[in-house]
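Annotated features in TrEMBL:
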type	residues	note
DOMAIN	25-321	domain 'Plant heme peroxidase family profile'
DISULFID	Cys35-Cys113	disulfide bond
SITE	Arg62	site 'Transition state stabilizer'
ACT_SITE	His66	active site, proton acceptor
BINDING	Asp67, Gly72, Asp74, Ser76, Glu85	Ca(2+) 1 binding site
DISULFID	Cys68-Cys73	disulfide bond
DISULFID	Cys119-Cys317	disulfide bond
BINDING	Pro161	substrate binding site
BINDING	His191	heme b binding site
BINDING	Thr192, Asp241, Thr244, Asp249	Ca(2+) 2 binding site
DISULFID	Cys198-Cys227	disulfide bond
Amino acid sequence: MASRAAAAIAVLALVCAAVHSSEGQLSPNFHAATCPDLERIVEFHVAETFRRDVGVAPALIRILFHDCFPQGCDASVLLKGAGSELNEIPNQTLRPVALDLIERIRAAVHRACGPTVSCADITVLATRDSLVKAGGPSFDVALGRRDGLAPASSALVGLLPAPFFDVPTLISSFANRSLDVADLVSLSGAHTFGVAHCPAFEDRFKPVFDTNPAIDGKFATALRNKCAGDNPAGTLTQNLDVRTPDVFDNKYYFDLIARQGLFKSDQGLIDHPTTKRMATRFSLNQGAFFEQFARSMTKMSNMDILTGTKGEIRNNCAVPNRRVQDIETAVAGDEGIAADM
């Protein structure tokens, strides 16, 4: 009896292992056999775009964060059309140059290898390569993600941290996605390059708002004067880092010490006792910042991924395959009707 039970358990374990294996796991070598030139292709197109527009690097990091945070790294933020995440307020300023780059890489990869690599994998690889181009650290990327079939809901997109969040709210927001204080402080350091639109930081210089945490007076005046000409609203932008706006370094934390953090969510990191020590350390030690940032990027890029038979490999990063098939079927039907006439 005992031997039968043991045998049954062994069989069950094998079945479970087989099911688990069929779902697939991430691996740095996932595409080594099916697309050996993948990383070379990605790097080439990233470098080509970066030469023309260094802003593509912060744009890609923002896309990756806005993709992963709501429902996982499934490239759902790239989908266009009704109900798209791109229509939600936090995503309306995602830069077309980065969205177009991801699709251009996808087309090049699929020409070389067939539809074997997901838009989700391409997004992570392109983000890593652009970060390095901007002077930042590389980070470990395991591959094998698959693309989501539908966009995240408005409620999930609404979970993205807002620039007006205070530190306790930020800590809670990140904790809900299994990200800790070290992830919060380091990933916020991505604001060491890139730009923001005036409506996103008007609470930092308008007296009708609560300007806590404090802001440097001259900096507030400069922001107020600049954004006075923001008509229509959202036209003008401001560098997130006033010191080295196009370079990925630790100068963002210098900004915070000087009370020149653009967002309330940024400036609070240097004041709150839970985050102050780490933010100060990163201002003094760029290597420590880079090391933690790389860890946090790897952690974030592996959040709630789809693998194995879940999701799909999109033939166009902006459109689920089913929608493409429906359009092709409809066109074929119309052609058939025309032929019968």
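Glycine is treated like the rest: Cβ placed from N, Cα and C.
Everything TrEMBL records as a feature, shown here on the structure.
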| residue | record | CB count, 10 Å |
| --- | --- | --- |
| Arg62 | site 'Transition state stabilizer' | 21 |
| His66 | active site, proton acceptor | 20 |
| Gly72 | Ca(2+) 1 binding site | 21 |
| Cys73 | disulfide bond | 26 |
| Cys113 | disulfide bond | 16 |
| His191 | heme b binding site | 23 |
| Cys198 | disulfide bond | 21 |
| Cys227 | disulfide bond | 22 |
| Thr244 | Ca(2+) 2 binding site | 17 |
| Asp249 | Ca(2+) 2 binding site | 19 |
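Model confidence over the domain 'Plant heme peroxidase family profile' (25-321) stands at 97, taken as the mean pLDDT rounded to a whole number.
Checking Cα-Cα distances from Cys68 (disulfide bond) against the binding-site residues (Pro161, Asp241, Thr244) with a 10 Å cut-off leaves nothing; none qualify. Between the C-alpha atoms of His66 (active site, proton acceptor) and Thr244 (Ca(2+) 2 binding site), the distance comes to 24 Å. Ser76 (Ca(2+) 1 binding site) falls within a helical segment according to DSSP. Taking Asp67 (Ca(2+) 1 binding site) as the reference point, the recorded positions whose C-alpha atoms are within 10 Å of its C-alpha, out of Cys73, Cys113, Thr192, Cys227, Asp249, Cys317, are Cys73. The Cβ of Cys317 has fewer other Cβ atoms within 10 Å than any other of the disulfide-bonded residues Cys119, Cys317. Taking only the Cα positions, the spacing between Asp249 (Ca(2+) 2 binding site) and Cys113 (disulfide bond) is 36 angstrom.
Put simply, Asp241 (Ca(2+) 2 binding site) is 17 Å from Cys227 (disulfide bond) when counted between their Cα atoms. Just so you know, the Cβ of Asp241 (Ca(2+) 2 binding site) picks up 27 other Cβ atoms within 10 Å once every protein chain is counted. Here His191 (heme b binding site) is positioned 7 angstrom away from Asp241 (Ca(2+) 2 binding site), judged by their C-alpha atoms.
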